[in-house]
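Q: What TrEMBL records for 177-204 is coiled coil. Summarising the annotation, TrEMBL assigns compositional bias 'Basic and acidic residues' to 1-10. Among the features that TrEMBL reports, domain 'EF-hand' is placed at 65-100, 101-136. Positions annotated as region 'Disordered' by TrEMBL: 1-20.
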Amino acid sequence: GGEEPARGEEPAGGDEAARNCLTGSAGAELSAKLCRRQDINEGAAQPRRAAVFNPYTEFKEFSRRQIKDMERMFRLYDSGRDGYIDLMELKLMMEKLGAPQTHLGLKNMIKEVDEDFDGKLSFREFLLIFHKAAAGELEEDSGLLTLAKLSEIDVSIEGVKGAKNFFEAKVQALSSASKFEAEIKAEQDERKREEEERKHRRAAFRELKSAFTQ
């Protein structure tokens, strides 16, 4: 293939660029992305979120205040400021919330709401976490449910059935798993896990030793 112009050195002829953009053999989806990128460069594109996705109409179960809170949280952790929370940003978020996840755990969290399969969370997909949590669609051990519960955004985890249920759920959550108890349990689990690992290592070492001494 011929040399492509470096980024930022777009060919001056807009028409020619548009033609290339449409006739490229890159496939329809990529071509649409390229066209959009070009529109953005030329200032002709509408911001997609405003044009296509309106959180207030799509997520009617949440109040304006709740959506604003979620947006604030999303922006806080979108440290790359690209409108997405990627794997590393999600990793940091879960660490800050006090519930660090494994690499695989993080990938699975994204997979649960990643509707466009791009491996990161758009703001819409981020709202989907709270929607699914509130609708009771997340497994109890789901990292996303943990995220929703720890976010301190007032969204009923018990389903969108009104304030009474929400406050009952909140009180229950506080009494049954107060932070202190949860921390102690986590420490105990960690100790148990370390003990198991030590046992495995000792057993493996004994096996190795006997193999050599035969």
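Just so you know, glycine gets a Cβ as well, placed from its N, Cα and C.
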Q: Across the domain 'EF-hand' (101-136), what are the DSSP residue counts per state (helix, strand, coil)?
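A: Summed by class, the stretch gives 23 helix, 2 strand, 11 coil.
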Q: Using DSSP, what is the helix/strand/coil residue split across the domain 'EF-hand' (65-100)?
A: 23 helix, 2 strand, 11 coil
